[in-house]
Each structure stands twice: as C-alpha cells, then as structure tokens.
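Heads up, the thing below is written out as structure tokens.
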Amino acid sequence: MQIIVNQNPRDIRSETLGEALTELGFTSTAIATAINGRFIPRDARADVILAEGDRLEVLAPMQGG
Amino acid sequence: MQLYGTEISSRLLLGTAQYPSPAILTQAIEASGCEIVTVSLRRETADGSGAGFWDVLRATGKHILPNTAGCHSVAEAVTTAHMAREIFGTRWIKLEIIGHADNLAPDVFALVEAARVLSEDGFQVFPYTTDDLVVGEKLLTAGCEVLMPWGAPIGSGQGLRTPDALRAMRAHFPETLLIVDAGIGRPSDAVQAMELGMDAVLLNTAVAKAGDPVGMARAMSLALDAGRAGRRADPMEPRDMAVPSTPVLGLAELG
C-alpha cells in the first residue's frame, strides 16, 4: 500500500507501524512517530495497523532555539 | 531559581541552532555556563541524522528544553510536545505557537489553550508569549509557572523593544519566573533584562551568529551576572539636572 512518509509517498509491504519503520530504514531509537497528526507512543507502534494514504511523520532531535 | 522544582543557578538558557559547527556549539554551551539548552524536532531522514546531534547534546549533560517551534495550531503543538516528551524523556516543553509569518509573534489564543491541554496532561510548560498582562494571567491559570515574554521578534537581535511592558510584568507577577525569550542581540540587552528584574534570558542567534560564538557566550554570561547584581544593588533613579558629585564644601575661591 502507499502511505505518505514525511510528506513523500512511499510504497510499503508492512502492515503495522512498527514493521513499516524498519522497512523504511528508521532504525534510530531517537525518533518519535505520529500518524495523521496523532502521536503514536513507541510501545504502541507494533499494534498500529496502517491504512492506505496514512500520513506518517517521523521526527528526530534537531538544533533549536 | 526553581524551574518546576528543578534548582537552576545559571540565568542563561541557550539555543542550539545556527552554530558554525557542532564543536563550536559544544564550546559555546560550556563557555556560557548555562544549565539548560533548547532543542527542536524535525523530520528524520532514514540515515538517522538526528541521532548524531542528540548524542553531541546529551554528552554536555545539560537539562534539555524541547520546543514546539514551527507549530501554528494547538493540535500541532500538542502532538509535537508528546513526541518531544518521548524522545527527550522530559516533561518540560517550550511552547511556541506562531501566529504571524512576518514577525513570528506568538498566537496567544492558541498558546493559552495548548498550555491548558498540556498542563493537564502533566507537562511543565514554558510559554513563549508577549508582554501582555492579560495573556500572562491566563497562562498562569492554565497551569504555567513560568512566563517567557519576547523582547523583540525572534532572531532580530533588536534588544528589548518594550522595556516598560517588561517592567510592568515584573510588578504584576512578582512571584512568577519571567524569562525573556527572543530578541536579545547584545550583552547590553541581557544586562537591561536583568536590571528590569527578569529572572533569566533565553537566547540563541545572538551567540550563534556572533563573529566569535564562544566569546559571546561568555560575554552573555557575564552580562547576566552584572545585570542581576546591579538589580540587587538597587540602582539610583535618574535625575533631570546635574548634581555635583564632588563636594562643594570647602571649595577654594580662585577666580
């Protein structure tokens, strides 16, 4: 299915968020995730089933003021 | 000072953006003597670029204050705060909701609402706000223990545009921690903030974009100490006319 990952369309085979992160190469532990604007805690990633067109945001620490 | 129960002795909170290199960032943090550094969250690339920065920052051992920079709505800011809490393992959040594209003024209406939502959810909110007393009151009611009024637009380095309003804030909120966030350009601005009775200053660009960021970090630290010491020493009031400081008694008549 196709989902939107950080604003880019991506085709994935995974069904859950946890699997999709691995498939997409997000292996760092210093990331946080949201789907369709809703925060998904780390513990819940394995249980979240993705749907066609979901907007996934993967954020990481960055410089800030 | 106590920030949500954490004892902090340095009066400087330092941003981590725009430095010439990670090494200079690290040196500037040390030279500033700060105990709190601000960070943000941005989209991760699959190569894990964010983790490297986080490793550098974690090695400094400073308290981390994540921000919600770039958010324009309550929903965005709340989601970002939750993501920050998970990554950084802190309940602190610098709540920043931008309301105007040109001057990056905070959307104070969304700010108050987000502050309430986050405070109820256990966050300890550091709101980037204006110098408006009514907004300040509502933020305190929403659960904030700290107010962070702007001195001038973010990144402008214009110094304190409305010192009278900051003085009024100090008078109106005598027990609330007040941190000037944004607008500081020079050490003299930091001195002025402390002389006005502010408890601390949060700055980034003034150090990062100085010709010598490490030297400026040190200068800002000295300025905050000087301004605070000056405030405590109770400065004289300005007078309209000259008053001779040298005694006139016993002055010779030589004319």
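Glycine too: its Cβ is placed from the backbone N, Cα and C atoms.
The 1-deoxy-D-xylulose 5-phosphate site recorded in TrEMBL includes B:Ala182, B:Gly183, B:Asn204, B:Thr205, and the single candidate from B:Gly155, B:Gly215, B:Gly227, B:Gly230 that the record places there is B:Gly155. Those binding-site residues from the list B:Gly183, B:Asn204, B:Thr205 that have a Cβ under 8 Å from chain A Cβ atoms: B:Asn204, B:Thr205.
Counting only the Cα atoms, the space from B:Asn204 (1-deoxy-D-xylulose 5-phosphate binding site) to B:Lys94 (active site, schiff-base intermediate with DXP) is about 14 angstrom.
For the 1-deoxy-D-xylulose 5-phosphate site, whose binding residues are given in the record as B:Gly155, B:Ala182, B:Gly183, B:Asn204, B:Thr205, the maximum C-alpha distance rounds to 9 Å. Across the structure, B:Thr205 (1-deoxy-D-xylulose 5-phosphate binding site) and B:Lys94 (active site, schiff-base intermediate with DXP) place their CA atoms 17 angstrom apart.
Sequence-distant contacts of B:Gly183 (1-deoxy-D-xylulose 5-phosphate binding site), defined as residues of its own chain at least six apart whose C-beta falls under 8 angstroms from its C-beta, comprise B:Trp150, B:Gly151, B:Ala152, B:Pro153, B:Ile154, B:Ser156, B:Gly157, B:Gln158, B:Gly159, B:Leu160, B:Arg161, B:Asp189. The distance from the Cα of B:Gly155 (1-deoxy-D-xylulose 5-phosphate binding site) to the Cα of B:Lys94 (active site, schiff-base intermediate with DXP) comes to 16 Å.
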